């Protein structure tokens, strides 16, 4: 069926009425009255548990949300994506990052062409190159083994590899991995300064080989290599992830060190492609394939499971409920796993660049809010930074906890138990809160004077009823990481279909790029600032004055 705008509008109205009149108000009471609440509002896929029972929903909420998914034709749009249809309508492209991890022998067609052999060919080339670097068969220009990899990229060419490489640290048995993204010269200077060009491989990740930040940093790195080892050494110390073979050749990188990908892979969905080359070099091709396999398992589940048993669908529906119906403008991603410390930033790009839109697929203004602000930090660090606001602030911010049942350090299992206890405690505290009477009783138990009890007790009250959901898996290994990322990718897709927007373009980044190009000669003093707004003129003048001071 097609998207039913009339039914969709009616269901949204019913959801808003339900939120105002009959959604759970007291979560303590909801759990007390319903011992089966956890069982009804949780799902498992193998060892991965998704619990949303602490969110303010009931059976009526879930029935209406499923009705919403049907009206938005989530299933039809999902089928269109997997079939290679051009669902990215503003760029007239297919959206097939799922093909990058499809290990089946079936066809995946884009405009009548089966892309799976192409995917396999690139993956095999990546594996051969990674094995060569890791084993020392592929050496630097002076014959030394490569000990360090520097990936130069930005956005999707950086955030995914950074996040995955850090997450899979226990599996590193290859060269050390470093990442440069910012145009700020401090980033590349600090990264290269402790390294030796003779044992360093630099990967330049830019599909067009024109991205200004990436290519500026790449030229700096090229000079670093050439000045030390000579111009002829450049080819042995660089590789590229790009489709612009002419530009790569002009840079001095041999074609056998160039790895391509396709326009049906968006940057923020590209860690599964050749963009993941630094990850593969760090952890090895076998572990990288396990990473792909985990994502593929989630793809199959998302494609085949019925709506009410489908983890990405339910995660997306809860996300929509919080954003569009409850009016929560933000969501916090809190992984209780230090190695997932870059996951919030990765999901921030995935979600906000995808669903931060204000027009529908047909170019009309949206009728309600779209994607939320996504942010976060790992636990327990966040508890000592911003959790105060999450518990007692005036804004309600849903939290999404992620924790593993087992850590990688058996001799530190007691610390992992403390980590898990903190995660569950925060989830429970947000839901239960603490009443004024409970605060008084706690203070009275300390034998404080009555006047002091009355003065302090209001400050120790927690409203509770603050929603959170929890994801638990066995252990953060390559398979689990791939599955987790794919879960969030498909969640973003589900929310976008209900919002009625295109999750796969990013026109919002263009205007700033254009103006930066215009302003570069102004900032450098080659052109004047006349014709620009008064604020920009004033800022330029101040910068010029301070640079001369």
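Cβ atoms are placed via backbone N, Cα and C, with glycine included.
Annotated active site, proton donor per Swiss-Prot: 353, in sequence order. For residue 353 (active site, proton donor), the Cβ neighbour count at a 10 Å cut-off comes to 22, with all displayed protein chains included.
Every protein chain considered, the tally of other Cβ atoms within 10 Å of the Cβ of residue 384 (active site) stands at 10. Taken residue by residue with DSSP, residue 384 (active site) is part of a helix. Annotation source Swiss-Prot lists active site at 384 (among others).
As annotated by Swiss-Prot, active site applies to 513 (among others). According to DSSP, residue 513 (active site) sits within a helical segment. Residue environment of residue 513 (active site) contains 11 other Cβ atoms, counted within 10 Å of its Cβ in all protein chains.
Each residue contributes its Cα atom, and for residue 353 (active site, proton donor) and residue 384 (active site) these two points are 29 Å apart.
When the alpha carbons of residue 384 (active site) and residue 513 (active site) are compared, the span between them is 37 angstrom.
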